[in-house]
């Protein structure tokens, strides 16, 4: 049987309620909600830092395989109608695409930091691509 948390209940004793001090009355102005507890929330940025550490540790692919495969086939269909792909070829394309995106986001983050910001913007990505010598 699972343990349950016991909450304190008001007694129905014979003593009459005493007058509360002003400071105590101000503290207890919000009515008790019958033991309903607010869900725990981390401070802003804590979860983001945890996710950064998690994804920097991992080596697995971050983009789902089937949507990426559909995208590759859709782009290839514009050039030639009857193209077939080995699964290893799609996997190699996905590895290369994710490596490119990670590098681009690293450079974009450096551009945002250079502008004394922590939030990346479109102009940071455009600057990173321009410095790399890519056309956009």
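Any Cβ shown, glycine's included, is placed from N, Cα and C.
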Of the residue ranges 1-43, 44-86, the one that Swiss-Prot records as region 'Disordered': 1-43
Candidates 5, 57, 80 (modified residues) - the one closest to residue 37 (N6,N6-dimethyllysine) by CA: 5
